[in-house]
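Accompanying notes for the structure given below.
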């Protein structure tokens, strides 16, 4: 078949035109200075719908858009693409999980064998007495509502007509939401900093941050006041995003209402919803993965209010040294009245270091003379062995290099110690920052709580403690088991990857940590002696056991039905002749007869001997024996009588499950 010349020419013209358009399109799309149509649409949207100016944004009026002031880190001239690394590791771990079962959710643990070097230069803050700091507000911050309730963090006391509503909200949320709902979300707060804090000048080349807030069935106004306070008091050019992680809430106000409300900020505030209840610990790790814009991750509990000029002091140490983790000074927001006051305890300035006792209960101890000598002024950051865990800042990449939280920790408890030990023993530092203050609401008595999901099983917090001490405490773990003997046989899962992490990173021993960083712990909480016996204290051949009934610091113990669940019925008697429950000792009461339980250290209340063969507890000082009344449910001491069955006891081990 013969083709006509005209047909061939027309075909060549069409093909040539198509190729020309392709070349032209490629050249236009490759020009970085010429925004794409989608980019222009986003810019038009930002111009027409600017983010609300909440004050203190550090930018010119009308310019509230996020503008990073520090570039993303480069190593040897190559931008670090962490996201591609995470995707590869996620795919690899998914393959391993399907191949070998869910042995350990260690997606983050295998990503790094070494930490990246510090490549960013940041100048030290400078104290100029009498010269107002460059991040200090020039005028008092505006009230949310002029003259409104709760402004300047003054207490709001409701009348008796609100009693029923207040009690119902405390049961549901842990706070007096009736009062909270009357207070402006943008309320002003009091300034509890030392005067010297106002005269620090910070290099403005600070790292940017993503603020991560995890919530589960939180009250509306306490959650939103947290968000509002961050936006109101954080310079806008450093606030990359606020990431809300909804940990499977079922409250209606946290669904569509929340989704619509955060549109007020045009994408600055984002919400991600877990498909099941993960618990606070793993939800925070999820938050780290979702928060991709800021160079620093700042974690806040869902019921906080940041204070005046909180950001620069908190992030400056991290900008100087990427392996530093910082913690603000945490003030107390009264859950009934919403007054903000300093936390009690600490040294003469109210400063304390984070600590623990050997049963792994969180403690605060005064700042030591050694730590004070390391500072030139009393408002400089200082070292702390541990953090409380709810509020802290850490460089995002460094947190990933550390493996985030141990993926084997469940729901809540122990994660604050795990991340603290990991930071210190593996080359980082943990600093408390006196000039950064954040108020925190503590749950009130009467809260019904948020029970863990069924898939978690029993004793998640105790299992977390066991897992942490098995990974990080080395030979010191024996002291934990002396304090919590019921946990000795508790299954804690696979920790092989965590131990490999320690080995790969040449992490230091717990002995080094106790001698160099946590050297003051044993002065406040001496190493516990070995136990002679432990378990429930049951009346011989009866179904009644000694029960503290949750009382501490002077309450009388009672006799109650044995339940074999430990808790208030779990006691131990040690080689120092102390009969103890956690950090409390049994002793005779003021009447010289009834037995009470009170806080003690290892030098107090060495009063008891247990004669196992005789089924007898003897009070050494008085020579009397431990006795009971099964009718009155009382526990007391009385003259010893070998034939008296109410003086015969047995201690039976109880293992947690």
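Cβ from N, Cα, C; glycine included.
It should be emphasised that the depicted structure is a prediction, and the values quoted were computed from it without experimental measurement.
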Exercise for review: Please pick, from 276, 277, 375, 383, the residue that Swiss-Prot records in the substrate site together with 247, 412, 443.
Suggested key: 277
Check your understanding: 301, 303 bind Mn(2+) according to Swiss-Prot; which of 143, 201, 216, 440 goes with them?
Key -> 440
Check your understanding: Which range, 30-66, 67-103, does Swiss-Prot list as region 'Disordered'?
Key -> 30-66
Practice item. For residue 277 (substrate binding site), just give me the three-state DSSP call. Key: coil
Exercise for review: Mind tallying the region 'Catalytic subdomain A' (206-317) by DSSP state, helix then strand then coil?
Suggested key: 45 helix, 29 strand, 38 coil
Point to revise | Close in space, distant in sequence - residue 440 (Mn(2+) binding site), Cβ under 8 Å, 6 or more apart | key: 301, 303, 304, 330, 331, 332, 333, 390, 391
Study note, to complete from the structure: Widest Cα pair spacing in Å over the listed substrate contacts 247, 277, 412, 443 is 20
Exercise for review: Compute the C-alpha separation of residue 507 (disulfide bond) from residue 412 (substrate binding site), stating it in Å without decimals.
Suggested key: 25
Point to revise | In three-state DSSP terms, the structure that residue 507 (disulfide bond) belongs to | key: coil
